[in-house]
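Enquirer: Can you read through this structure? Questions will come right after.
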Ligand SMILES: O=C[C@H](O)COP(=O)(O)O
């Protein structure tokens with residue numbers, strides 16, 4: 001299975017900055033290793049510019065950070081999945097911790113986004129992860145199970161396993177420099193794998209599980225070597241071509 005190496009640029013980069021980084025990234029990475037898939041998720045305003053810079057560079061994909069689960073309509077400030085596919089997006093995120101905890105998105109809305117995105121031509125990355133008080137309170141499994149069960153409730157068992165990805169991002173490790181330890185990652189990913197098998201049967205073994213939270217060039221090879229880690233979702237270290245290209249090739 002190909003490991004999915006994804007860059008989430010969050011609310012960083014103008015069109016000019018995004019173009020510059022995208023062309024630098026293509027130059028630095030060169031040929032993407034055969035066992036890797038590379039995805040850059042810019043702010044919506046820069047998606048098309050990045051897609052243009054990627055041009056015919058084989059294997060570089062763009063994705064969307066967010067959308068509203070409707071075809072179109074009076075939803076000021078929102079964009080629809082078909083607008084993301086129109087910008088060449090292949091993937092979109094749902095349930096990122098910043099959407100959940102800064103913008104108050106609940107599990108049901110996240111689940112609607114996952115289902116709607118899949119039905120409208122996007123592969124979906126469902127982000128899950130516990131907050132620090134939930135970890136300290138021994139509630140990691142309860143939180144992950146709820147986020148997975150509700151987030152994937154509308155997803156058909158018949159979808160191709162490559163269309164859905166789960167990103168485990170412990171909230172306390174995001175942007176803090178505090179990466180989760182190997183035991184914590186292995187335990188959470190094994191738990192997620194078991195829930196995926198419960199939900200999707202055999203196919204659950206082939207659904208990719210990414211880790212996200214303070215991934216850097218210096219720790220990514222070790223993280224990618226852990227059991228059930230099928231990729232990484234990178235924030236801060238994905239903002240420079242030098243560090244993200246090292247992660248892609250780690
Ligand atoms: O989507 C990416 C995650 O929020 C991780 O961000 P980070 O690498 O800056 O900790």
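Backbone N, Cα and C define each Cβ position, glycine as well.
Annotation source TrEMBL lists substrate binding site at 8, 9, 10, 175, 214, 235, 236. TrEMBL lists 96 with the feature active site, electrophile. The annotation active site, proton acceptor is assigned in TrEMBL to 169.
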Enquirer: Where among the binding-site residues 175, 235, 236 do you find the Cβ with the fewest other Cβ atoms within 10 Å?
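Expert: Least crowded of the binding-site residues 175, 235, 236, by Cβ count within 10 Å, is 175.
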Enquirer: Output, ordered by sequence, the same-chain residues six or more apart from residue 169 (active site, proton acceptor) with a CB under 8 Å from its CB, or 'none'.
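Expert: Listed in sequence order, they are 96, 97, 127, 128, 129, 211, 212, 213, 233.
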Enquirer: Measuring Cα to Cα across 8, 9, 10, 175, 214, 235, 236, which the record gives as the substrate binders, how far apart are the two most distant ones in Å?
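Expert: Those residues reach a largest Cα separation of 14 Å.
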Enquirer: Long-range same-chain neighbours of residue 214 (substrate binding site), Cβ under 8 Å, sequence gap at least 6?
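Expert: Counting only residues 6 or more apart in sequence, the Cβ neighbours of residue 214 (substrate binding site) under 8 Å are 173, 174, 175, 176, 177, 178, 179, 236.
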Enquirer: Since the record lists 8, 9, 10, 96 as recorded positions, which of them has the fewest other Cβ atoms within 10 Å of its Cβ?
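Expert: If we count Cβ atoms within 10 Å for the recorded positions 8, 9, 10, 96, the smallest count is at 10.
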